[in-house]
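S.K.: Take a look at this one; I'll ask things after.
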Amino acid sequence: MASVVVVGATVVAMWLLAGEARGQAQLQVGFYAHSCPQAEVIVRDEVGRAVSANPGFAAGLLRLHFHDCFVKGCDASVLLDSTANSTAEKDAPPNKSLRGFEVIDAAKQRLEAACAGTVSCADILAFAARDSVVLAGGGPYSVPAGRRDGNASAASDAQASLPPPTANVAHLTEAFARNGLSQEDMVTLSGAHTIGLTHCSSFSARLHGYNATTGTGQDPAMDGAKAAELARQCPPGSPDAVPMDGGSPDAFDTGYFRALLANHGVLASDQTLTSDNATAALVAQNAGNVYLFVTRFGDAMVRMGGIRALTGGDGQIRTNCRVVN
């Protein structure tokens, strides 16, 4: 019986990989070269304005793209507003802290003025994520485009698809594999946490009452001094947020991976990467070689950006990213 389950999972994974490959094959670098030559320049300009005013937007825009792609593919469904009859992805509990919507809106408004009905919201998200990485000090990479926008968004899909901050290696591996991504992609893309903040509520269980029997204690997987520091910053019930890479929270570098090696990972889903020999080896590789990390990251972002992408005549090009046409 167990062998049947394994074979079935393998077949499903192969089918998913084939689907992602087809989606990526239809995306093209320079897709808007003739139809809207300034598309990427306009997005870069709006992202630059936002990040210059508030560096936190870099992490926010990167997270928006991830949370879009992991829920039924990279179709900008995360941008749709809820309606009287439907609660959208952006209002699902895992997405309540998403930010950067106004940056996408500003870029879309300018793009509609420059070349109406041409550039999809899904492509704007992909361009904005890349530009955020670069502005935070990461390496540039070319973004294949040609995505079209989806017509539906459901909070229940986000709740079911996004791995929680408590996920272990097995859960994370399955979630990424479900989207055609490898363990190497998983570890590499987790490196996005080298910038940005996380709310205390996402990891407070590691600091207060970790022992279910006694109701006291801290997660032994976290360095004691780090746990004490975070406990001071995040008392029980705190609404605050702290950096995931305390050493350089606004710089796209290898600080996140070095923190994991020191057992300073803030989220359980981050520190768990050192609990498995295969993923721990990948953490160490990225920690010790920034060129390797940024190269892998760009490649993994391109693969993620192709997850179940709508192309050709599928979907639509929204004129307003918040509502379907």
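Sequential numbering from 1, following the chain as shown.
Including glycine, each Cβ sits where the backbone N, Cα and C put it.
Pasting the feature list from TrEMBL:
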{"type": "ACT_SITE", "residues": "His67", "note": "active site, proton acceptor"}
{"type": "BINDING", "residues": "Asp68, Val71, Gly73, Asp75, Ser77, Glu89", "note": "Ca(2+) 1 binding site"}
{"type": "BINDING", "residues": "Pro163", "note": "substrate binding site"}
{"type": "BINDING", "residues": "His193", "note": "heme b binding site"}
{"type": "BINDING", "residues": "Thr194, Asp245, Asp253", "note": "Ca(2+) 2 binding site"}
{"type": "DISULFID", "residues": "Cys36-Cys115", "note": "disulfide bond"}
{"type": "DISULFID", "residues": "Cys69-Cys74", "note": "disulfide bond"}
{"type": "DISULFID", "residues": "Cys121-Cys321", "note": "disulfide bond"}
{"type": "DISULFID", "residues": "Cys200-Cys234", "note": "disulfide bond"}
{"type": "DOMAIN", "residues": "26-325", "note": "domain 'Plant heme peroxidase family profile'"}
{"type": "SIGNAL", "residues": "1-23", "note": "signal peptide"}
{"type": "SITE", "residues": "Arg63", "note": "site 'Transition state stabilizer'"}
S.K.: Could you tell me the mean pLDDT the prediction assigns to the domain 'Plant heme peroxidase family profile' (26-325)?
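M.R.: Looking only at the domain 'Plant heme peroxidase family profile' (26-325), pLDDT averages out to 96.
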S.K.: Might you list, by sequence position, any residue in that chain lying six or more from Asp68 (Ca(2+) 1 binding site) with a Cβ less than 8 Å away from its Cβ?
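M.R.: In sequence order, the residues whose Cβ lies under 8 Å from that of Asp68 (Ca(2+) 1 binding site) (at least 6 apart) are Cys74, Asp75, Ala76, Ser77, Val78, Leu79, Ala122, Leu125.
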S.K.: Using C-alpha atoms only, work out the spacing between Cys69 (disulfide bond) and Thr194 (Ca(2+) 2 binding site) and round it to an integer in Å.
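M.R.: About 20 Å separate the Cα atoms of these two residues.
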S.K.: Report, as a single number, how many Cβ atoms besides its own are within 10 Å of the Cβ of Cys69 (disulfide bond).
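M.R.: Around the Cβ of Cys69 (disulfide bond), 30 other Cβ atoms lie within 10 Å.
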S.K.: Quick one: pull the CA-CA distance for Arg63 (site 'Transition state stabilizer') versus His193 (heme b binding site), whole Å only.
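M.R.: So the Cα of His193 (heme b binding site) lies 9 Å away from that of Arg63 (site 'Transition state stabilizer').
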S.K.: Out of the recorded positions listed (Cys115, His193, Cys321), which are within 10 Å of Asp245 (Ca(2+) 2 binding site), Cα to Cα?
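M.R.: Neighbours among recorded positions, in sequence order: His193.
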S.K.: Of Cys36, Val71, Cys121, Cys200, Cys321, the recorded positions given in the record, which has the fewest other CB atoms within 10 A of its CB?
M.R.: Cys36
S.K.: Looking at the recorded positions listed here (Cys36, Val71, Asp253), whose Cα lies nearest to that of His193 (heme b binding site)?
M.R.: Asp253
S.K.: In terms of Cα spacing, which of the recorded positions Gly73, Glu89, Cys121, Cys234, Asp253 are within 10 angstroms of His67 (active site, proton acceptor)?
M.R.: Gly73, Glu89
S.K.: Below 8 Å Cβ to Cβ and six or more residues apart, same chain only. Which residues does that give for Glu89 (Ca(2+) 1 binding site)?
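M.R.: Non-local contacts for Glu89 (Ca(2+) 1 binding site): His67, Val71, Ser77, Val78, Leu80, Asn95, Ser153, Ala154, Ala155, Asp157, Ala158.
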S.K.: Cβ within 8 angstroms of the Cβ centroid of Asp68, Val71, Gly73, Asp75, Ser77, Glu89: which residues besides those meet this for the Ca(2+) 1 site?
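M.R.: The answer, listed by sequence position, is His67, Cys69, Phe70, Lys72, Cys74, Ala76, Val78, Gly150, Ser153, Asp157.
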S.K.: Quick check for the class: what is the C-alpha distance, in angstrom and rounded, between Cys200 (disulfide bond) and Thr194 (Ca(2+) 2 binding site)?
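M.R.: Checking the Cα atoms of Cys200 (disulfide bond) and Thr194 (Ca(2+) 2 binding site) gives a distance of 17 Å.
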S.K.: On a count of neighbouring CB atoms within 10 A, which of the recorded positions Arg63, His67, His193 is highest?
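M.R.: Answer by Cβ density within 10 Å: His193.
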S.K.: Just name the winner among Cys74, Cys115, Cys234 (the disulfide-bonded residues) by count of other CB atoms within 10 A of its CB.
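M.R.: Ranked by Cβ atoms within 10 Å, first place goes to Cys74.
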S.K.: Cβ within 8 Å of the Ca(2+) 2 site centroid (Thr194, Asp245, Asp253 excluded): which residues?
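M.R.: After dropping the recorded site residues, what remains is Gly191, His193, Ile195, Gly247, Ser248, Pro249, Ala251, Phe252, Thr254, Gly255, Tyr256, Phe257, Ala259.
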